[in-house]
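Okay, so here's the structure we're looking at.
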Amino acid sequence: MKKEERNRNIIFFITIILMTIYLGWRLLFTLPFEEGALNVIFGALLLLAEIMTVFTTFELFFQKMRMDHYRLECPDIPDDCYPDVDVFIATHNESVDLLYKTVNACTFMSYPDKSKVHIYLCDDGNRKEIKKLADDFQIGYLGFSGNKHAKSGNYNYALEHTSSPLVATFDADMIPQHTFLLKTIPYFFLKDFTKENGAWRPRRVEDKDYRLKLGLIQTPQSFYNPDLFQFNLYAEGNIPNEQDFFSKEINTMRNSSNAIAYTGSNTVILRKAMEEIGGFPVQTITEDFETSIRLQKSGYITYATDEIQAAGLTTTTIKSMLMQRIRWARGIIQSLQNTHAIFTPKLPLLSKITYLNSYLYWWSFFNRLVFILSPILFALFDFQIVNTGFVEIIIFWLPAYFFYSISMRYLSSNIRNQRWSQIIDTIFMPYLIVPVVLESLHIRQKKFKVTNKKKETDYKGLHFSLFVIPHVVLLLLSAAAMVRFLNGKYGWALFYSSIIIFWIIHNMVSLLYAMFFMLGRPAYRSNERIRANEQINVQYHKTSHEARTVDVSENGVAFKAKTPMYLPEDETIKLVISTPLYNACLIGKIAYVKEHRDGWQYSATVTPVDEANKRQYMQIIYDRSHTLPIQMDMWITAYDDILRNIQKRISQPFYDRRKQPRIMLDKLVVFSDGSSCRLLSFNYLYFSAVDFQTEKSMEETYTFTTPAGTSLLLKRTGKYINNSEEELLEVVNIKDLVTGALIDKILAEITDGKKYGLIPHELPPVQTPTSDIAFYGGDATLGQVDEIDEIINRLQGEQVIYELTDNDTDEIDELVRRIQGDLIAFDPELLIELSKYAV
């Protein structure tokens, strides 16, 4: 056992011991029997909530400690062992555009013999446009109408009309990676192969391990767009998708009790096993979850991997997310009741405990309400529900809470911590308590809608959201409780009240998160930008440049080049993106360009040149590991999150939309007629110039010939930058320079081959000195140098939000020039002046 695992297990055992002692103390000594029956009832509810929370956590501790012993390795099998496989893509009312991406990806899945891969669009809407999509891709179409059993009916119809021994299932939006089948199919041959000395070999007939009777392989549910927790809370760079904790942690831990959940997609199932259980169950609204239980009851191993092999579109509106969770809650309770999973003799004890835990999880939202109301009742209404003193709490509760918090970090591998678990429970709490209670009492909801797979938003600006009302009420009650409880308390009285104060503040933080979540956030993009660092060739007329993509989307590409390029905004350019697997040719137009410290980033709207390139481009976008966080940023505190949410909701972002790069110069030029000026910047279409010495009229042109003999024809415009002395000179012969393939040569010559910088909002370039101290002046300290660099980076960096007027930009120009100048000593007041512009 590794040292880290040993330390983790020790922490788990200490936590179990301390929490058991704490709960024993709570049960035997703290119920307020002398206060009255109502107090005892509420005290018992609080104790029951604590017991349920601790029990579910203990079960996860034991699974975490056992999971490595039940880890299966995907075998390396010969190509001729790969069997036929049917690929089912379920669709009910999803659009052609959404299905196109999934179908396209399925056709690109690698397999030794691709004739053995049979792809089917399973359409219980029997729609003509979906049939045409299947025909266009030359795949199977299984359409029918009158389906009364939702996805189960759809899949059962598909099972009746297909015959391959293995079946892969995908939701309409789930886009598989090309390796999906190669990473899942071999598991079904574990009984036939064994690993010796690092190599896989076939088992002899007498050595086959029939205990490895696999019925289902589940890969994680993953998403290429930020979920609502990431998006609404401005945390897409700080926290993983909310479902990662279940898909990558909880479900894989459940391998140890053979109680993993089939999540409906990204899965391969043994047809023989499905036939044994009578197909997909129809008396539940979570047919996937019940299918896995029935397979386990029939003696099959169901196994969950932690390697992402497909990604889809997560819900993008609060209403659809709440309806989805209500359906999950009711469906899982239904399935547990249908299968008697907690009591059946067909499942081992550990599996039953896991399914009991699955049921108790849905009561965590009721528990959260109890945890929020308890301190309010005591502090606001003097309603006592725990009979104890300060010293006893410090002795019994504090050590248990401390180790419990540490254990939660070990449990989730930094995917989730205790704070975020409580925030998520707080957000869902008002809307899941009643459905869970009703379903537990067998009071069913008759109709459910399929989860909306459209990219939508329910943000309404500053308009009040009805979903936030319960959280606002609880937040106001908590604030009132805090004020009343603190009234008149000083010194030791305040110290002895610290536990209740901590409890209320802790709850208020979660309620603040919930309020921000329910208020939503505006969404400006119809398609997700996905980070991708791929080779791209940019072509315009006779020029060609190599660059790297920054991100890609279905209708746009951002790419970065080390040197600037002349790409007119109203002209069509050609882009060729190349990866080890795919190549796509696109046409596009430049939307804007911005400066980065390591080059120039261009953003373009794009369209594939034809259908074949569209298919390739879709794979370039989606056949990859997506770049949303896979772990939490543990340095981000609740204070950081709340402050960021307030700032983001108050400030209005400014988007730089420069159409051409601005290349800084400082070049004295003499024109052919003897006139002269100093050129300060160049953006291909115009120069900015000062110190004009000429006798010509404004209408006349000026000819400047470079040392290599290339002529530039310039014309004064009479226009000035930001009311400064910098006059704009139009490049009259720009088209001739482009058609003659001279534009790049001109750039090199007028800059004398030096490195040049594009400056957004007229900021001068940040240069890299050989000596930072000398660069900023001898009076600067290293700390001040670092602080200056940080401020300038923020002003000129990729993530900056500008709130600048013309006067501001002029003042920043002057400040940065003074700080970067070689002729002055460092003045700390410059730092103070400059920092006020950094948002």
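Using N, Cα and C of the backbone, Cβ positions are placed for all residues, glycine too.
Among the features that TrEMBL reports, domain 'Glycosyltransferase 2-like' is placed at 87-228 (among others).
Residues annotated as domain 'Glycosyltransferase 2-like' in TrEMBL: 245-397 (among others).
If you look up TrEMBL, you'll see 525-622 marked as domain 'PilZ'.
Feature annotation from TrEMBL assigns transmembrane segment to 9-28 (among others). Counting only same-chain residues 6+ beyond the ends of the transmembrane segment (9-28), those with a CB under 8 A from a CB of the stretch are 1, 47, 50-51, 54, 58, 61, 64-65, 386, 392, 396-397, 399-400, 403-404, 406-407, 410.
Taken from TrEMBL, the feature transmembrane segment covers 40-62 (among others).
Panel annotation: around the transmembrane segment (359-381), residues 42, 45-46, 49-50, 52-53, 55-56, 329, 332-333, 336, 342, 422, 425-426, 428-430, 432-433, 436-437, 474, 477-478, 480-482, 484-485, 500, 503-504, 507, 510-511 of the same chain, lying at least six beyond its termini, place a Cβ under 8 Å from a Cβ of the stretch. Here TrEMBL flags 359-381 (among others) as transmembrane segment.
Taken from TrEMBL, the feature transmembrane segment covers 393-411 (among others). Here the transmembrane segment (393-411) has long-range neighbours at 8, 11-12, 14-15, 18-19, 21-22, 25-26, 57, 60-61, 64, 249, 417-418, 421, 499, meaning same-chain residues at least 6 beyond its ends whose C-beta is under 8 angstroms from one of its own.
Annotation source TrEMBL lists transmembrane segment at 423-443 (among others). Beyond its flanks by at least six residues, the transmembrane segment (423-443) meets 229, 242, 322, 325-326, 329-330, 333-334, 337, 362-369, 372, 467, 470-471, 507, 510-511, 513-514, 517-518 of its own chain at Cβ-Cβ distances under 8 Å.
Residues or ranges marked as transmembrane segment by TrEMBL: 463-486 (among others).
Annotated transmembrane segment per TrEMBL: 493-519 (among others), in sequence order. Within the chain carrying the transmembrane segment (493-519), a Cβ under 8 angstroms from the stretch's Cβ atoms is held by residues 228-229, 232-233, 318, 371-372, 374-376, 378-379, 390, 393, 397, 419, 422-423, 426-427, 465, 467-468, 471-472, 474-475, 478-479, 481-482, 485-486, 638, 641-642, 645, 649, all 6 or more beyond its ends.
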Statement: Lying 6 or more residues past either end of the transmembrane segment (40-62) yet within Cβ distance under 8 Å of it, the residues of that chain are 12, 15-16, 19, 23, 26-27, 30-33, 250, 253, 353-354, 357, 360-361, 363-364, 366-367, 370-371, 374, 377, 383, 385-387, 404, 407-408, 411
Task: For the domain 'PilZ' (525-622), provide the mean pLDDT of the predicted model.
output: 94
The domain 'Glycosyltransferase 2-like' (87-228), counted residue by residue under DSSP: helix, strand, coil: 50 helix, 37 strand, 55 coil
- line: Summed over the domain 'PilZ' (525-622), the DSSP helix, strand and coil counts are 12 helix, 55 strand, 31 coil
